[in-house]
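A.B. asks: Okay, so Swiss-Prot annotates it like this:
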CARBOHYD  Asn36  N-linked glycosylation site
CARBOHYD  Asn75  N-linked glycosylation site
REGION    22-112  region 'V segment'
REGION    116-130  region 'J segment'
SIGNAL    1-21  signal peptide
Amino acid sequence: MSCRLLLYVSLCLVETALMNTKITQSPRYLILGRANKSLECEQHLGHNAMYWYKQSAEKPPELMFLYNLKQLIRNETVPSRFIPECPDSSKLLLHISAVDPEDSAVYFCASSHGENTEVFFGKGTTLTVV
């Protein structure tokens, strides 16, 4: 019985690892002064919905933007310096103008089949503004 459980857990971990490779973000780490920058995300899962989350130090992730079937749903608390772009259903960009030290955080891209389904996350982009 324990061998079956170990095999099952191993297969679940492999599946999770494979899912993570199907959502890519670039760059992975970014350190810069006040400038304009774009973050990129691409998913190869055939999902209809894509998201950007911001996780500041010692805070839970905050949903910034959601594109569902290429329709934008915006978190109104996000500053207008953050502009998402969804050129197609598999790619999501996040343009940041005049980055500020308060923008230092980890930015996660995610995707799902729709708003109320399982969400798969990329590995994140760590942005440090100096």
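Cβ atoms are placed via backbone N, Cα and C, with glycine included.
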A.B. asks: Find the average pLDDT over the region 'J segment' (116-130) in the predicted model and report it.
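C.D. replies: Averaged over the region 'J segment' (116-130), per-residue pLDDT gives 93.
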A.B. asks: Would you please pick out, from the glycosylation sites Asn36, Asn75, the one with the fewest other Cβ atoms within 10 Å of its Cβ?
C.D. replies: Asn36
A.B. asks: Rounded to the nearest angstrom, how far is the Cα of Asn75 (N-linked glycosylation site) from the Cα of Asn36 (N-linked glycosylation site)?
C.D. replies: 21
A.B. asks: Helix, strand or coil by DSSP: which one applies to Asn36 (N-linked glycosylation site)?
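C.D. replies: DSSP call for Asn36 (N-linked glycosylation site): coil, neither helix nor strand.
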